[in-house]
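Novice: There's a structure below that I have some questions on.
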Amino acid sequence: MADSKETSHLVEKPSDDDPSEPPSEARIDHLDSYESSKSTTSTSTTCSNRLVNIVVEPLQWLQMLSSQLNPSFVFGVILVYGFNQGFSGSFFKVVSDYYWKDVQQVQPSVVQLYTGLYSIPWVMKPIWGLMTDVFPVKGYRRRPYFVLAGVIGALSAAMVALGGRLAAAVALSCLIGLSAAVAIADVTIDACIARNSIEIRALASDLQSLCGFCSSAGALIGYSTSGFFVHHIGAQGSLGLLAAPPALLILLGFVIYEQKTTSSGRSETKDRQLVH
């Protein structure tokens with residue numbers, strides 16, 4: 001009888017490992033916290049991977065363009081479209097207005113006339129392009145014009161910044177010179193872009209994207225910083241900062257890769273291929 005009672009007691013007592021028994025609340029809370037921490041970890045890992053990709057992918061894209069084309073050419077596109085056309089163009093628009101108002105003390109109606117004259121070098125872009133094609137210097141069609149644009153821009157900016165209160169005609173000539181430097185560099189790099197787009201058609205859209213991005217980013221920086229510099233160093237000193245991008249154009253004229261052409265207008269590489 002004692003054995004049967006003990007056996008029935010063991011049968012009636014629920015086992016802790018019985019799978020049919022519902023889990024306790026403590027175990028459910030532990031599982032929920034584990035799943036929540038696992039989900040949080042995976043989410044943070046995904047976000048960090050996305051941030052890494054945002055930084056790495058543009059660098060890989062630039063590396064691809066440099067390997068397919070030439071690093072000096074990619075540097076030239078970034079310099080001309082980012083620093084000269086983007087940053088200098090937007091910075092110049094804001095600072096030049098303050099220069100005429102604060103330094104030259106010119107009436108707003110006259111300033112509008114002067115602003116219209118800034119566009120003369122851009123209207124003459126076909127002439128600059130024709131010059132780079134028809135008048136090579138020592139066998140190079142593009143490199144000398146980068147140097148020319150840099151010299152014109154750097155001298156114009158330095159004269160405005162260091163010349164004190166210039167005569168209105170002289171100051172206007174210097175500011176038109178700054179605009180001309182940007183226009184000449186722009187048409188010269190456009191010729192390089194057109195040539196590379198013809199030779200490697202698959203990268204034509206990538207080059208357009210690079211130009212648009214550099215121009216937009218440079219313009220954003222120029223508009224954002226122009227007020228800061230005008231407030232701290234004045235309009236005249238701010239115009240002196242515009243000597244830096246043209247100085248880089250002079251450097252670009254010496255480092256950018258370009259095949260030397262013969263007197264007949266063909267590159268030396270093509271002539272060697274025809275001989276062999």
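Going from the start of the chain as shown, residues are counted 1 onward.
Keep in mind that glycine also has a Cβ here, set from the backbone N, Cα and C atoms.
What TrEMBL shows for this protein is this:
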- 1-16: compositional bias 'Basic and acidic residues' (COMPBIAS)
- 24-35: compositional bias 'Basic and acidic residues' (COMPBIAS)
- 36-45: compositional bias 'Low complexity' (COMPBIAS)
- 1-45: region 'Disordered' (REGION)
- 145-162: transmembrane segment (TRANSMEM)
- 168-189: transmembrane segment (TRANSMEM)
- 210-233: transmembrane segment (TRANSMEM)
- 239-257: transmembrane segment (TRANSMEM)
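Map the listed features onto the structure and describe their local environment.
Specialist: Within the chain carrying the transmembrane segment (145-162), a Cβ under 8 angstroms from the stretch's Cβ atoms is held by residues 76, 84, 99, 128, 131-132, 170-171, 173-175, 177-178, 180-182, 184-185, 188, 236-237, 239-243, 245-254, 256, all 6 or more beyond its ends.
Sequence-remote contacts of a segment are chain residues at least 6 beyond its ends whose Cβ falls under 8 Å from one of its Cβ atoms, and for the transmembrane segment (168-189) they are 76-77, 80-81, 84-85, 88-89, 92, 96, 99, 104, 106, 114, 117-122, 124-125, 128-129, 132, 142, 145-146, 148-150, 152-157, 159-160, 239, 242, 246, 249.
Residues 65, 74, 77-78, 81-83, 85-92, 94-95, 98, 193, 241 of the same chain lie 6+ residues outside the transmembrane segment (210-233) yet bring a C-beta within less than 8 angstroms of a C-beta in it.
Within the chain carrying the transmembrane segment (239-257), a Cβ under 8 angstroms from the stretch's Cβ atoms is held by residues 70, 72-73, 75-76, 79-80, 83-84, 87-88, 91-92, 95-96, 99, 142-147, 149-154, 157-158, 160-162, 175, 178, 181, 185, 192, 229, all 6 or more beyond its ends.
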